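Annotated features in Swiss-Prot:
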- ARG44, GLY63, ASP84, MET128: S-adenosyl-L-methionine binding site (BINDING)
Amino acid sequence: MPSSYDRVSKNYRQSELDKFAAFTSGWWDPHGPQKPLHALNPVRLDYISKRVSLSGARVLDVGCGGGLLSEALARQGAHVTAIDLAPELIKAARLHGLESGIQVDYRIQAIEDLLAEQPAPFDAIACMEMLEHVPDPAAIVDACAHLLKPGGRLFVSTINRTLAAFMLAVVGAEYVVRLLPKGTHQYKDFIRPAELAAWLRHAGLHLEDVSGMRYEPWRNRARLTARTDINYLACAISPEASHATE
C-alpha cells in the first residue's frame, strides 16, 4: 500500500525507511540496537552547543529518527522542529516526549516539503547520520541552506568513503562485532568530505569545520578526533555571517 508521503518528496528509499522502522521498539534503549547512537549523541550535542547558543534558538533536526538528538537539543532550551519520513519512528519519538516531558514539534515530513511551506528560518539545522541513506544527499544540503537564517549553521555527520570506513563501519560493526544489523550501511553511499564541501559551496554555505568522530565499542563511548577517515562531523555557516566577520 502506498505511504502517505508517496505524494511528496521522492528523495528517500523505502527500504531505508523500513530498515530503521524495525528498530523502533528499542530506539531509546541505550543497550539496544541503537547503542552506538546513544554513545555518539553527547558528542554531537557538544559539537553543536559550542557553536550555537541553543537557549531560545530555532533548531531543525532533519532525519530525527526516534528523537535522541531532538530531545537533547530541546533540553538545552532550543525550540526544536524534528522531521522524519518513518511514521513509526515519529510515533516513538512523540511517545518518549510524553514520558520525558520534553516538547519537540515532531512531523512526518520531508525537508523539501517543509521548505515549500516557507517557515520562519532556523538558527541551526542538524542532519545527523542521514545523508548516506538518501538517493540525492546534495538536494538535502541545498534545502537545509534555504531554511537557514543569515548566520545560521548547518551541522552534518556522516561516514567517509574510505577503506578504513568499509572495514570498521561495515565489516567490523555489522559482521564481526555485530553492533549494527547487517545491511545498515552501503559503502557506495558513504560521502567524502570533499564531496560534502562541494555540495555546501553549491548551496551557498561556508564550511567552518570538519572533525573526526570515533566510536570505541570496547568502552561504549565516542569522542572527537583529528582523523576523518571513518565518521566525521561538519559545520557550515550561511554566507552573510561569514562575510561580516572577515
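Yeah, the Cβs are placed from backbone N, Cα and C, and that goes for glycine too.
Taking the features listed in Swiss-Prot, we show where each one sits on the structure.
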{"residue": "ARG44", "record": "S-adenosyl-L-methionine binding site", "Cβ neighbours (10 Å)": "22"}
{"residue": "GLY63", "record": "S-adenosyl-L-methionine binding site", "Cβ neighbours (10 Å)": "25"}
{"residue": "ASP84", "record": "S-adenosyl-L-methionine binding site", "Cβ neighbours (10 Å)": "27"}
{"residue": "MET128", "record": "S-adenosyl-L-methionine binding site", "Cβ neighbours (10 Å)": "23"}
DSSP-derived class (H/G/I helix, E/B strand, else coil) of ARG44 (S-adenosyl-L-methionine binding site): helix
